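The next block holds one structure in the form of structure tokens; read it before the comments.
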Amino acid sequence: MSHQYRKHFTPLESNPSLFTSLAHTIGLSPALEFHDVLSLHDADLLSLTPRPAHALIIVFPTSPNYEAELTTKDKDITQYTSSGDNEPIIWYKQTINNACGLYAILHAVSNGHARDFIIPNSHLYQLLTTCTPLNPRDRAAFLENDTNLEAAYKTVALQGDSAVPENPEDEVDFHYVCFVRSPKNGHLYELDGDTNGPINLGKFEEDDLLSERGLRVLKEFIEKTECEGGVSLLALAPAE
């Protein structure tokens, strides 16, 4: 990315165990975990993922033209300025380089019914309490300065098996985007901290994001992003 980041993190491997570990460390109940979604087409493999899926995180390789694609997408997205309990979802602008895994986790656990599984008075609970009334710029600054969140993230990020850049300022070729449903208005949202704001994908009646319509949305995203190769998908769902 060409953004001028003020802080840089070691990338987080797209591993459901690592995502779960970080989410639990900061305050998500053990009743929810991240799971691999093994297929969008094979019903038998799809059935192995627990339901309902409260949030989905797609991980995909960025193309050489990804920066231009983001610029094009942002032309259709109004710069997000909302805040407070009345907004249908909470969105975090990404201002930490290579931390898109962290922002995807925060988007997943901060929205929808996943919020019902946040442990009271945990760090995540306090983070949401603080961030909810803030505008996106101040939310971003709060996350940058959250030393406890940074420490928890670094501990988990260093446990991955994948090779990561020795220099956190080096760019990586994978990106994370989260999909959540807002119970407030019943709409599905695409949340990417690198864009101007959340993308409202319209009415979504089901609580399970791996429903037939949810699968169509994911397939369309993969097709539009031209990220057929190397795509993986994580679902935030009940623990097994």
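Glycine is treated like the rest: Cβ placed from N, Cα and C.
Taken from TrEMBL as is:
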ACT_SITE  Cys100  active site, nucleophile
ACT_SITE  His175  active site, proton donor
DOMAIN    8-238  domain 'UCH catalytic'
SITE      Gln94  site 'Transition state stabilizer'
SITE      Asp192  site 'Important for enzyme activity'
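Using Cα positions, the member of the recorded positions Gln94, Cys100, Asp192 nearest to His175 (active site, proton donor) is identified as Cys100. Counting in whole angstrom, the residue listed as 'active site, nucleophile' lies 7 from Gln94 (site 'Transition state stabilizer') by their C-alpha atoms.
Cβ contacts within 10 Å of Asp192 (site 'Important for enzyme activity'), excluding its own Cβ and spanning all protein chains shown: 25. Put simply, Asp192 (site 'Important for enzyme activity') is 8 Å from Gln94 (site 'Transition state stabilizer') when counted between their Cα atoms. Its Cβ taken as reference, His175 (active site, proton donor) is surrounded by 21 other Cβ atoms within 10 Å in the chains shown. The Cβ of Cys100 (active site, nucleophile) has 25 other Cβ atoms within 10 Å, all protein chains considered. Taken together, the residues of the domain 'UCH catalytic' (8-238) have an average pLDDT of 91.
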